[in-house]
Amino acid sequence: MSMTETESVHELHNYQEEELKYDEGDFQSLPPTDRGRAAWSFLAACFVVEAMVWGFPFSFGTFQVYYASHEPFNKDISGIATIGTTATGLMYFGSPFASVLIQRYTKVRRPISFIALAIMIISLVAASFCDTVPSLIATQGALYAIGGILLYFPAITMVDEWFVSRKGLAYGIMWAGGGTAGIVVPFLLQWLLDAYGHRTALRVWAIIMTVVTTPCVYLLKGRLPISNTTAFRPINLSFLTQRRFWVYQAGNIFQSLGYFLPSLYLPSYASTIGLPTWCGTVALVSYNVAYIFGSLMIGFLVDRFHISIAILFSSAGAMFSIFVFWGLAVSQPLLYTFAIVYGLFGGGFSATWSGTAGELQRVENKGTIDTSIVISLLAAGRGVGAVVSGPLSAKLIESDSWKGHAGFGYGSGYGQLVVFCGMMLTFGGLGAIGKLFKFV
């Protein structure tokens with residue numbers, strides 16, 4: 001029996017044991033896993049929640065440009081970037097706390113989802129009345145992040161109940177929602193800001209959030225009924241003593257240090273090499289479209305091969321796209337090629353997280369390690385890259401000594417950034433290297 005087949009049988013056995021906790025009437029009424037209208041309706045709701053929760057903070061660049069050029073916020077632009085980093089940073093670093101809360105107190109999953117959505121809507125409306133950067137940091141940044149992460153993780157914990165043998169694909173589909181949001185949300189927000197200003201833009205987005213997300217929250221229902229034995233669940237953190245977890249986490253952190261930089265700098269890089277402004281936007285959209293397919297592709301691999309194969313596939317492809325296509329990109333075709341190839345391979349790396357959790361469960365062999373806890377810790381690891389890579393990349397560009405001396409994109413002023421990004425994405429394959437040398 002192959003490693004993947006062993007993992008699938010092990011996971012199926014765990015869920016059969018979980019189902020046996022309920023009486024015969026409950027068992028007979030349970031909808032099937034991995035198929036059926038209920039499972040796919042739930043996953044569609046997760047896709048939309050992913051897009052709505054993460055699409056807004058990931059599109060903060062549109063607000064950053066607006067705030068920096070309009071009163072009253074342009075009087076002190078030094079703190080404007082902190083609004084966006086506060087939102088994404090809190091959502092990443094707050095993931096373990098939210099996951100433990102939701103997993104430990106299973107009964108609160110549905111009520112807290114509605115409360116969290118209300119917090120997000122209130123944060124957007126409150127931000128529309130703000131006249132200072134600190135107040136935007138508190139509302140559009142911190143308050144939004146609290147609501148977002150409390151809405152997001154109930155959905156994450158329920159995916160495990162609905163999908164067993166197709167879990168990797170399920171998470172890949174869910175996370176593809178982020179790429180879909182990257183295609184639509186920035187353009188919508190830019191149009192609202194240009195036409196009506198930030199106050200109306202925030203209020204309109206609050207309305208959109210309410211109308212689009214509320215029906216999806218109703219669909220976020222767990223497959224298993226909550227009994228007295230599962231209402232208060234202990235948390236198994238034994239995997240933190242396993243070397244393999246820290247090898248996977250180290251690779252994840254390395255990958256995160258390079259992960260955000262290509263999409264962050266695509267527009268400015270396009271302008272630097274003399275391309276029209278719209279070329280950067282087209283490249284960014286191309287990246288997000290490829291990101292969708294990349295998440296699905298890597299999720300597919302996670303379900304069929306050992307997790308090290310999916311990590312190797314993602315890391316090797318991302319490394320190649322950086323060193324070859326970005327490093328040589330001095331024309332539109334190469335820039336678009338880079339955006340697409342990087343989106344396919346690097347963009348979907350988070351789809352490996354469910355496979356990492358599955359590997360830890362297989363080794364632990366008791367079925368008590370929760371997927372959402374592992375994912376939350378890996379998300380916190382990615383938060384390191386979200387916070388550190390921005391200031392670090394600015395220093396690399398500022399001190400780039402290759403400008404005008406190296407060829408192609410390496411001499412554009414972004415050469416050292418390209419090399420740094422490529423190296424970090426290469427080290428993102430640490431989990432695959434560890435498997436090769438039997439570290440994991």
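Including glycine, each Cβ sits where the backbone N, Cα and C put it.
A quick note: this is a predicted structure, and the numbers were derived from the prediction, not measured.
In TrEMBL this protein carries:
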TRANSMEM  38-57  transmembrane segment
TRANSMEM  77-100  transmembrane segment
TRANSMEM  112-129  transmembrane segment
TRANSMEM  141-159  transmembrane segment
TRANSMEM  171-192  transmembrane segment
TRANSMEM  204-224  transmembrane segment
DOMAIN    244-440  domain 'Major facilitator superfamily (MFS) profile'
TRANSMEM  282-302  transmembrane segment
TRANSMEM  309-328  transmembrane segment
TRANSMEM  334-353  transmembrane segment
TRANSMEM  373-394  transmembrane segment
TRANSMEM  414-437  transmembrane segment
Take the transmembrane segment (141-159) and find every residue of the same chain, 6 or more past its ends, with a Cβ under 8 Å from one of its Cβ atoms.
42-43, 45-46, 49-50, 53-54, 56-57, 82-91, 94-95, 98-99, 102-103, 106, 109-110, 112-113, 115-124, 126-127, 167, 170-171, 174, 213, 217, 220-223, 370-372, 375-376
Tell me if the transmembrane segment (373-394) touches the transmembrane segment (77-100). I count contact as 3 or more CB pairs below 8 A, with pairs 6 or more residues apart.
yes
Which stretch, 112-129, 334-353, 373-394, tops the Cβ pairs under 8 Å count with the transmembrane segment (282-302)?
334-353
Among 112-129, 171-192, 204-224, 309-328, 414-437, stretch most in contact with the transmembrane segment (38-57) (C-beta, under 8 angstroms):
171-192
Please give the sequence-distant neighbours of the transmembrane segment (112-129): residues at least 6 beyond its ends with Cβ less than 8 Å from one of its Cβ atoms.
53, 102, 135-136, 139-140, 143-144, 146-151, 154-155, 198-200, 202-203, 205-206, 209-210, 213-214, 217, 220
Stretch of maximal Cβ-Cβ contact with the transmembrane segment (309-328) [cut-off: under 8 Å; candidates 171-192, 204-224, 334-353, 414-437]:
334-353
Looking at the stretches 204-224, 334-353, 414-437, which one shares the most CB pairs under 8 Å with the transmembrane segment (171-192)?
334-353
Over the domain 'Major facilitator superfamily (MFS) profile' (244-440), what is the model's average pLDDT?
89
